Amino acid sequence: MKIALKIAYLGDRYYGFQRQPGLRTVESVMRDALLRIGVANGDFCYAGRTDRGVSALGQVIDFWIEEDRAYLAFPRVINSLLPSDVWAWARAVAPVGFSARWSALWREYRYFLFSPDIDLSAVREAAGHLVGTHDFRNFSMSKVDTVRRIISIDVNAHCGIVVFDVRAEGFIWNMVRRIVGALELIGIGEKPVDWILELLDPSTPHGAPTAPPEGLMLMDVGYSDLEWEEDRYTKQRVSRMLISEARRRAAMSGVIQEMLRRMRDTF
């Protein structure tokens, strides 16, 4: 039978999603876990690759497993075989023809940008020009097959953090990070709003800057033929882990801010 899982991970601890020899990747640790529950060769399909430093909340994978071993294909069993910073938290029995990659109707990414003085109205105006079907050549390292359709872009801010939600039928390499990089320059006044129209012209000789990977997260992937069952125990356990992690990172942020304050005192 075919099983689909929603998985999440903290990307700054991995060298990306895709398996690479000698490097710690999300695919490699997931493959090892699936091998141990009896998935042939640990093989699975995934909704999309994420680069080094990029996290996920709603990555989706699917795999085949013999029916007499399907009782092992549940989040809490698989999580016992995974590092604590990668976890499955929802499960669905998938139809025979389902593919986490090819059956996806849309994907949604969220980017968190610290920019307390950004002009949200300018950013939202520029973002509106990106919705629809365009050639995003200037928003990617790729130079072939660069036409994509963005369904929506929402931009909000809270306590100095600007949150970009971008939903599209599909993305090309670095597309979201370059969209954020371009919108940030517009928001801080280094570029006019109309600059986004220049970037949408594939003949423009310059591309958009790339925002750092750590602020990016794969939020969700949409399908028409799955009924997800969330694992309550996993969500409770992971919530405790994330609270501890958030406290640790908040404390480290305080350390860095104090270092910055003292260094600035010298000039």
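Even glycines carry a Cβ here, placed using N, Cα and C.
As given in Swiss-Prot:
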- Asp51: active site, nucleophile (ACT_SITE)
- Tyr109: substrate binding site (BINDING)
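The distance from the Cα of Asp51 (active site, nucleophile) to the Cα of Tyr109 (substrate binding site) comes to 13 Å. Each of the recorded positions Asp51, Tyr109 was ranked by the number of other C-beta atoms within 10 Å, and first place falls to Tyr109.
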